[in-house]
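> Residues or ranges marked as compositional bias 'Low complexity' in TrEMBL: 25-34. Summarising the annotation, TrEMBL assigns compositional bias 'Basic and acidic residues' to 274-288. For 1-34, 266-297, the entry in TrEMBL reads region 'Disordered'. Per TrEMBL, the feature transmembrane segment maps to 45-63, 75-93, 124-146, 166-188, 200-222, 242-260.
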Amino acid sequence: MLTSARVPARRATGTTSGGTGRAGAAGRPAPSGGTTARAAATVEFALTGGVLFVLVTAVRWVMASPPGLALPGPHLQLAAVAVIVGAALAWALSSPWGRRSGGHLNPAATLALWVAGAFPGRRVLPYMTAQLTGSLAGTGLARLVWGPVVGDRMAYTAVRPAPSLSAAALFTAEAAATAAILTVALLAMSRPAWTRWIPAALPFATAVVIVILGTLTGGSANPARQFGPAVWAHQPVYWSHLWIYLVAPLAGAALPALVIRYRSHRPRRSPHSPRSDPARLRGRRSETDLCADGSTC
């Protein structure tokens with residue numbers, strides 16, 4: 001669910017499922033310079049909608065068509081869908097549009113970046129709104145393009161937990177999966193040398209979650225991934241667990257972000273400490289070099 005902003009590293013560089021704007025879920029938390037809040041939110045709407053369209057399309061042809069059903073077993077089918085969705089995420093995160101908005105594509109990523117101090121609070125609600133409505137639009141567009149099969153046979157790709165999974169287990173699994181994905185993003189953004197790997201690392205982590213949790217929870221780890229399909233499906237079986245798919249990723253995202261924020265505000269070891277390494281201290285960016293939104297002051 002998410003490139004060049006910085007998480008306060010020990011305020012670092014700031015991801016879902018990104019480049020040169022300021023980092024986002026997928027690698028850039030804040031939009032690139034000169035991008036207005038409305039323009040950045042519009043990009044989030046379009047990119048999230050595009051990824052949902054690709055997701056529904058992938059499921060349509062991999063899991064609801066004779067050629068796709070020829071793949072042996074649900075895990076191989078999920079792997080094929082995961083590769084397609086991962087490729088779409090990688091493109092979105094590294095595209096000029098992704099660099100412009102930060103390429104969050106996931107309300108949980110937006111929340112994590114804000115909690116970590118790498119994204120301005122005034123843009124959190126517009127971004128989340130854009131991502132959720134983009135999910136609705138992308139799913140609806142897929143229905144328009146691919147026809148009734150999207151609703152009749154696929155339930156718009158809405159996911160639900162395995163019958164044996166309790167609500168508590170579902171919440172824990174979705175929160176843990178999101179925490180794992182966002183930990184990858186936040187750690188990468190906290191180290192400038194790693195930032196360039198975000199557009200590849202996050203889609204890979206997302207694909208792994210889809211494969212591992214696909215048959216258990218659906219492998220959502222993104223409120224926007226489930227919101228549009230569940231609303232379009234409009235069935236009690238999906239609505240009954242929707243709150244978990246919306247809230248659990250937010251809870252999971254906040255945990256690593258709080259840890260990153262705590263670490264970024266811990267007092268540093270004195271340069272005169274015998275355990276300090278002057279070579280490592282030289283050239284390290286000061287915490288005061290970065291503004292609250294991740295830009296250079």
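All residue numbers here begin at 1 and follow the chain in the order shown.
For all residues, glycine too, the Cβ spot is worked out from N, Cα and C.
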> With Cβ distances under 8 Å as the criterion, find the stretch in 124-146, 166-188, 242-260 that has the most pairs with the transmembrane segment (45-63).
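The stretch with the most contacts is 124-146.
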> Thinking of Cβ pairs under 8 Å, which stretch from 124-146, 200-222, 242-260 has the most of them with the transmembrane segment (166-188)?
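Looking at each of 124-146, 200-222, 242-260 in turn, the most contacts to the transmembrane segment (166-188) are made by 242-260.
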